[in-house]
Amino acid sequence: MYQVVASDLDGTLLSPDHTLSPYAKETLKLLTARGINFVFATGRHHVDVGQIRDNLEIKSYMITSNGARVHDLDGNLIFAHNLDRDIASDLFGVVNDNPDIITNVYRDDEWFMNRHRPEEMRFFKEAVFQYALYEPGLLEPEGVSKVFFTCDSHEQLLPLEQAINARWGDRVNVSFSTLTCLEVMAGGVSKGHALEAVAKKLGYSLKDCIAFGDGMNDAEMLSMAGKGCIMGSAHQRLKDLHPELEVIGTNADDAVPHYLRKLYLS
């Protein structure tokens, strides 16, 4: 039996409207009451995820910004790995002149965007988290957990992915969390490596973990865990990368809570 359960949020545990269903909430409460360790493992910001956790009234570790931040059961920061200042600073302005691509910055407890995009707020049904606008060149590049780019066109983000990888190589970890969101963290940062650290803290190893995800930013975690489950609605790129992993249902069908109940509560 896996003693640690790690799950991504958007596209995985959350419903398509970015909320936790009553069924999912009840499942997590039952699971943690049984002594199973639940871990949020997401690209979201820790301020946002902390509110989701507190609303659930459960104790859980939080892996946020795709592994660049880890908080313990009491919300204390126990791990942080920031982008190098020079890289963060350059990323702030790399596509500033492209009106189709929005640049987002997670810096310590803050969220910045280079221009208004009200539709981004659709992700915040379970928490209150507001962005501030920034000007490239005026934002201090210290404490940046990730920079991410959103665009309605996946095709526009592909050359950006290639350019960032070509320029900085293993100093960065670049991945698509969704087809319309390209995320950049420091090299060596991933949900998988963060999960390894959390499992160790809890007295377990990766083989004692089961993980759920749907994006390329989940790839390391799904392959490193004792068992990785890919959502049915996941990127084809992820399914092709790990054909050995089990594909389950979709977040629209509450596939993760159903799977967890079958595994732990039936």
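A Cβ is built for glycine as well, from the same backbone N, Cα and C atoms used for every other residue.
Feature annotations, courtesy of Swiss-Prot:
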| type | residues | note |
| --- | --- | --- |
| ACT_SITE | D8 | active site, nucleophile |
| BINDING | D8, D10, D214 | Mg(2+) binding site |
| BINDING | L9, T42, G43, K191, N217 | phosphate binding site |
Rounded inter-Cα distance in Å - K191 (phosphate binding site), the residue listed as 'active site, nucleophile': 9
Cβ-based isolation winner (fewest other Cβ atoms within 10 Å) among the recorded positions D8, D10, D214: D10
For G43 (phosphate binding site), nearby residues of its own chain (Cβ under 8 Å, 6 or more apart in sequence): D10, T64, S65, N66, K146, F148, S177, C181, E183, G215, N217
Close recorded positions near D214 (Mg(2+) binding site), where close means Cα within 10 Å, chosen from D8, L9, T42: D8, L9
Cβ atoms near K191 (phosphate binding site) (within 10 Å, other residues, all chains): 32
Shell list (Mg(2+); ref centroid = CB of D8, D10, D214; cutoff 8 A): L9, G11, T12, L13, L14, T42, S177, G213, G215, D218, M231, N251
Binding-site residues listed as L9, T42, N217, least Cβ neighbours within 10 Å: L9
